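Beneath this line is the structure, given in structure tokens, with notes to follow.
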Amino acid sequence: MKLSKKISISTLVFVMILTLLLSGCSQSSKPAATSDQGSSQSAGQKIKVAFVYVGPVGDFGYTYAQDQGRKYLESHMKNVETTYVENIPETADCERTFTDLAQKGYNIIFGTSYGYMDYMKDVSKKFPNVVFEHCSGYKTTANLGTYFNRDYQARYLTGMVAGKYTKSNILGFLAPFGTPEVIRNIDAFTLGAQSVNPKVQVKVVWTNSWNDPATEKTAANSLIDAGADVLAMHVDSPSFAQTAQDRGVLAIGHDSDMSKFAPNSILVGDVSNWGPYFVQVVKEVMNKTWKPTQYFGGIKDGGVIDITPFSSKVDKDFQAIVNAKRQDIIDGKFVPFTGPVYDQNGNLKIKDGDKATDEMLLSINWFVKGVVGSIPKS
Amino acid sequence: MKRKLLGSWEIKKTNTSSGLKKVVISVTSIILGLIFAGLFVLLTGKNPLELYTEIVQSSVGSIYGLSETIVEMIPLALCSLGVSLAFRMQLWNIGAEGQFYMGAFGATYFALFFSGLPKLVLLPLMLLAGLICGGLWALIPALPKAFWNVNETISSLLLNYVAYLWIAYLVYGPWKDPKGNNFPLTKPFSDNGTIPVFGNTRISYALFLMFIIAVILFFILKHSKWGYEIRVSGSSRKAADYAGMSYIKNVLLVMFLSGSISGIAGMAEVSGVLHRLQQTISPGYGYTAILIALLARLNPISILLVSFLMGGLLVGGYSLQTSGFPSSMVSMFQGSILFFVLAGEMFNNYRLVRKKA
């Protein structure tokens, strides 16, 4: 029993040491000391920009597109030094990552996943001299702005292509979570498909993850088994397109040009090009004109969202039709969510001739008529 | 038992294994594990020393780092204490992750629907709810185990996914914050539903719970008759039956307590750190906890120490990236350390000796 006595004494010592350390913690005020770094940089000094990603840069989808933007920023601006951290979960851990980066003297920090929202808000208050930019959220502070693109514009156009090339009139859609962003994309895709093919249906399968290639493959197979002959998705990886190609069906890419992964299947896709926006933010910060805004750029804003080149399977005449629609969107002559738009139950959601407001688009929680599947809700 | 090895050396089984020897072997194994992982760092063209420095620097080198290490340590240690209790009885409860989520669920129920209660009433209620939900979740695999000897390893593991999806249902559905723009989060807990923290750190007073539970477990296991019963029932059910110990009762009780400790961890996480329920509340604490329990040889006090180390490794791992190392480095480190510790285990029971001529 001597040994156990020894151990309980060492426990006591351990507890005491920890308590001491903790009381030390509560007395210090760590953020104040380091947060000055942000303001002390002058024109000659390098601006340090950090990016926090939810997935790996090698996902060849969402995170890949954000990282391409980072590379664009680095090659288009002098005096800018960038870094990134990947695979940062949307849990308490991300708060530490943002704090860590702010303490290491980064002047601008981009967080690219909606789940970072509240953590970025908290950290931004602790580091008033650091500029934070959050992709896809809706909360801002004095030094936290948000940015996103009008993904639904490109979605509508790729939906047109899907609607044109389906033979079974069933399109399959892999969706991660029932967030407004995902629902808006599915709706726009469906409306685009219906505009060229009123009989079309869009079947939705939930994968419950932004990036889970194995589940995505299974989900793609189940959609094909259910009769879908064109697949689309709003997850982060191109694995669904490889499945589509193996099974001999068509696919629509998303976030980055995915044609190299399934050249026989991919017809077209949307592509996010964040680089110019990142450059704009950094320039504003350098000129001290940056203000927290809720940026929501569309096709007309220099490629922040657009469609990829068409595959040779899409015939030239139809390409011209889609391109004309794209031009109408740029010119403001056409808005994808123009009434009458009905929800799945046939309720009129947008009146004839009305257009969806940004507020509606950013908080949309209903599927349009023609979508088969339900949003997880009460 | 003797086994032949190379030349004049042989491996001999030893019956004695002193405490000091165990410590020396564990520490040596961890160091070898770090060196082995360092070789891979070298392959990527970076300096492993720089990486070790970065891990230490960011996890314990500053007050902030240290406080974050303790933030990670609390859920790790609690879950690990939970599973270690079941492991003592050779009940392989792999379901700490699910019990953690269910504990968070129970606590959130009271935080959301009784948010007006005073703190001194609401927090104990949440704790109790977390404890009971975690415990009941662990009872589900315990019942078939106790009565029909159904393997609890698989059933407890699979229930993790059920718990995860249950939380998903709640945050996407009935518990979604109506003012949250349809994002899958509950509304933030009221002030009364949150555990206070130390100063401006993120360490909540759940730290005390961790110490109290560790000390209680230590005394139960080492000094109580029931602790002895658990160990006997674990090594041989027949022996336990002969001695008049109720195997069924002990399986149910141990699994319930095991789950309830992980449930408390879940409560502490939502109430002390996150202040709301969301889809992902754990980066795999319940799984890392199993690793910790094994590394700590199920000793509650060692569990605290190993949890602190693992917490530091997690914290260091995230900041490794900001210094230019790949994110997978930390998983590789954990794997390497585990490999060497398990391999080192052999030297507790065997010895390399020179053959007598």
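Cβ from N, Cα, C; glycine included.
Summarising the annotation, TrEMBL assigns transmembrane segment to B:20-43, B:63-87, B:99-117, B:123-143, B:155-175, B:203-221, B:247-268, B:280-296, B:303-320, B:332-350.
The stretch from B:20-43, B:63-87, B:155-175, B:203-221, B:247-268 that makes the most Cβ contacts under 8 Å with the transmembrane segment (B:99-117) is B:247-268. Below 8 A, the CB atoms of the transmembrane segment (B:203-221) and the transmembrane segment (B:20-43) form no more than two pairs separated by six or more positions in the chain, fewer than 3 in all. Highlighted: of the candidate stretches B:63-87, B:123-143, B:155-175, B:280-296, B:303-320, B:280-296 has the greatest count of Cβ pairs under 8 Å to the transmembrane segment (B:332-350). For the transmembrane segment (B:155-175), the partner stretch with the highest count of Cβ pairs under 8 angstroms, out of B:20-43, B:123-143, B:247-268, B:303-320, is B:123-143. For the transmembrane segment (B:303-320), the neighbouring stretch richest in Cβ pairs under 8 Å, chosen from B:20-43, B:63-87, B:123-143, B:247-268, is B:63-87.
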